[in-house]
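Asker: This is the feature table in Swiss-Prot:
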type	residues	note
BINDING	Gln85, Gly103, Glu104, Gly105, Lys106, Thr107, Asp492	ATP binding site
REGION	828-901	region 'Disordered'
COMPBIAS	871-881	compositional bias 'Basic and acidic residues'
COMPBIAS	882-901	compositional bias 'Basic residues'
Amino acid sequence: MNLMDRVLHAGEGKIIRRLNRIVGQVNSIEEDYVAMDDDELAGQTADFRQRLDNGESLDRLLPEAFATVREASKRVLGKRHFDVQIMGGAALHQCNIAEMKTGEGKTLVGLLPAYLEGLLGEGVHIVTVNDYLARVQSEQMGRVHRFLGLSISAILSDMPPMARKEAYKADVTYGTNNEFGFDYLRDNMASSLSECVQRGHHYAIVDEVDSILVDEARTPLIISGPAEENKQWYPEFAKIVSRLERDVDYEVDEKKRTVSVLGHGITVVEERLGIENLYESANTPLIGYLNNAIKAKELFHRDKDYVVVGGEVLIVDEHTGRTLAGRRYNEGLHQALEAKEHVEIKDEYQTLATITLQNYFRMYDKLAGMTGTAKTEESEFQKIYGLGVIPIPTNRPMIRKDQKDLIYRTEDAKFDAIIADVVERHEAGQPILIGTASVAKSELLSEKLKRAGVPHKVLNAKHHESEAAIVALAGRKGAVTVSTNMAGRGTDIILGGNPEFLTELDLREKGLDPLEDQDAYQTAWNNTLAKYEEQSQAEHNEVEGLGGLYVIGSERHESRRIDNQLRGRSGRQGDPGESRFYLSLQDELMRLFKPEVIDRAMVTLKMPEDMPIESKWVSRQIESAQKQVEAQNFEMRKNVLKYDDVMNRQRHVIYGDRRKVLEGADVETELRATTDRVVEAGVRKYAEGYSEDWDLEAMWNEIGTVYPVGLDLDEYADCQDVEELIEDFKADAQEAYDRRESELGEATMRQLEREVLLTVLDRKWREHLYEMDYLREGIGLRAMAQRDPLVEYQREGGDMFNSMMDSFKEEVVGFLFNLEIETGPQVGLVTDDGGNPVTADSVLPKVNRPRRALTYSAPDEQGEAETTSEDGQKPRGEGNRAARRSAASKKPKNRRNKKRR
């Protein structure tokens, strides 16, 4: 345990004691709320809000608010919060991560702080891992909030902008991290305040916080638009790379997931393309195509990392086993996979707006999270987000038996042992959950189970539509379920079946809606739930006697958290359960860390393939390997954040300026001052040193491209005072500004100012993002010159930003004076003294703001970038920067017989 871990652990006891005191306060007043009728209980909300208006703090209200929610939940859902759930809610209110084991009721816990913070009316965001959970939780948990008078909504991926805007007005809003993040980016691309949907970032509760803030944190959210196409290179490089040999032409580091082209490979590529130097500046884009083709060949495997369905390459998320329809890898990698599989290559797109999840969630005034597995990443949560991890005790003691790992020489022997174990336990009726690491492995196990005559259900990328129902029934007698991953499934595996899920499904099939038929739904819910609980309880008791849910892990994941999430599905709420991992020396994790020593020992001892070993040393080696991968991934996420922090400072400047314009800031004063600065810079550029060295003609010509100069060049032939010249030009420019406003009219001029500012700012920002992407890709080479890449990125990125802002100012002024516009009548641009809209001339059409077909790139739970189109259906291309690279001017690099990255 390192120093940080010891410090964090030392404070846990104090926090737990404080949480226990809060539980005592809530329990001491519970009977007061039990005695209230429904109207009195619901009326507490108005009372709490009045007390907040009078200056009381949320901390003072907490015991009463939690007692109110506890009683409301009991009446509406039939669930009373346990003491440990009260503890979890208090931990969330105090901006911590509540680590609660699977089945401890995290969703119910979220009700408590959401209600308390929702009393402020500033908006609470509850972040889920998918749309399904956002919808279901907003409907079911929303029943309690609505009973107490709070407004509830959900942001779903197919919602139009106006519906989103209304949803954000609710006291509590459910949605996925991607939807919240993309709405933020879209708001900062809006051309008017009415197009913005979010109203701030007050308080967020992140469900499955480790998946969202850790697994998905390596890859930013990106909104892309069309860019120049260069699709012809992808199949060309796929052909070239198919002829290259590993370790002869290139090297692969599977742990780091990187490739390096060797000197011989460079020569082969140059000969095939008919070029002299692959690393000349004109050929720079080709390097990206080459690297992506090698990655597609060596690092991405069909039916594991992706599947090909209907002529499309669909990504498979290792952590969930789902295909993500419409999602694509960024940086040209998806096109390389399409070329490899000989399917249609989709279009390329360029970055229009981007932010990392780390920097998005760090914008919230208050942040909290829930998960069953956060302790292994505790120091990361503290360092990056300032969040503590509080392990909440289970409501009942955990009695699950976690058996030792069984390790086999070969994968075939391992699978045979799994099947034999499943057959034996299935005959007794014990429910079994088998976790696999890939779609291919789940299908292989499924085939073996079929041959063994074991009926089962499969949860993976090709069967995810019915996953909630499969999970809900996975605890029934005799159920056998194969799943690629159990993280974020959102449905509990309850021995005997999940009565709440069955009730919700039953009422939905009957056409009852918790939003539209609240009273009828509540009555039907109580009766239907009682029926399913009675049915499930009898089977629950029988399955308990069989040993509870048996979890089999078919191999270890890179992250200990994923293994713990699988194990955690068994033994919920004090139920019996058992788990065991079956491993082989051919498993991916074992293969990465060279198990040859163990293999040689097993051969020397003449151990048969079907004889496993139980070795504490091997188990320690596996855990050590997992820790290495986790540490490596943490460094990657920290590195992403360090670089994005540079962009984040620039982003806040740009987005802050945009927001001021949208909110009606005094644009005229700023633009007049900008005009003065641009004119002064133009004068000083040509009036350096002695007056006889000034180039007045060039000065007049250049400044004349910015605004119509009214000064006579000949009158300044003998001028020797640069300050006088500057003041005269400033005065002349301001007179020109006045004339321009007189020509257009005040209202039209104000609109033109706003349109020009937003249009030019957005375009320059897009170009800057492109340049920064290009800088980021090549910055690692600075290490070869003994320079810190991050320091160089900060310095050069800052210089590029300053240069972009100077260019932005000059272009804005030039547009204001030189743009030919057409005006026409528009209602509502101007109001009369009474505030009523009147008709006035406006700029028609808006300045250079074409409608773009956008795409959205976001991380999956593995942290890889994927892209979906605006309609959310058909996959599109992504922000490839080949066009920008081909235009970039860089010194040619000499070929050497060494690695090229």
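Every residue gets a Cβ built from N, Cα and C, even glycine.
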Asker: DSSP secondary structure for Thr107 (ATP binding site), reduced to helix/strand/coil, please.
Answerer: helix
Asker: What are the sequence-distant neighbours of Asp492 (ATP binding site), meaning same chain, six or more residues apart, C-beta distance under 8 angstroms?
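Answerer: The list for Asp492 (ATP binding site) reads Thr102, Gly103, Val471, Ala472, Asn498, Phe501, Arg572, given in order along the sequence.
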Asker: If you count Cβ atoms within 10 Å of the Cβ of Thr107 (ATP binding site), leaving out that atom itself, what do you get?
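Answerer: A count of 17.
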Asker: For Asp492 (ATP binding site), which of the three DSSP-derived states applies: helix, strand, or coil?
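Answerer: DSSP assigns Asp492 (ATP binding site) to coil.
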Asker: If you count Cβ atoms within 10 Å of the Cβ of Gln85 (ATP binding site), leaving out that atom itself, what do you get?
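Answerer: That number is 27.
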Asker: Do any residues at least six apart in sequence from Lys106 (ATP binding site), in the same chain, have a Cβ closer than 8 Å to its Cβ, and if so which, in order?
Answerer: Gly88, Ala98, Met100, Asp207, Met370, Thr371, Gly372
Asker: Report, as a single number, how many Cβ atoms besides its own are within 10 Å of the Cβ of Glu104 (ATP binding site).
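Answerer: Within a 10 Å radius of the Cβ of Glu104 (ATP binding site) lie 25 other Cβ atoms.
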Asker: Using the recorded ATP site (Gln85, Gly103, Glu104, Gly105, Lys106, Thr107, Asp492) as reference, state which further residues of the same chain have their Cβ within 8 Å of the centre of those residues' Cβ atoms, listed in sequence order.
Answerer: Met100, Thr102, Leu108, Val109
Asker: According to DSSP, folded down to helix, strand and coil, what is Gln85 (ATP binding site)?
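Answerer: The residue in question, Gln85 (ATP binding site), is helix (DSSP, three-state).
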Asker: Gly105 (ATP binding site) has how many other Cβ neighbours within 10 Å of its own Cβ?
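Answerer: Gly105 (ATP binding site) is surrounded by 19 other Cβ atoms within 10 Å.
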Asker: In Å, how long is the longest CA to CA span across Gln85, Gly103, Glu104, Gly105, Lys106, Thr107, Asp492, which the record gives as the ATP binders?
Answerer: 16
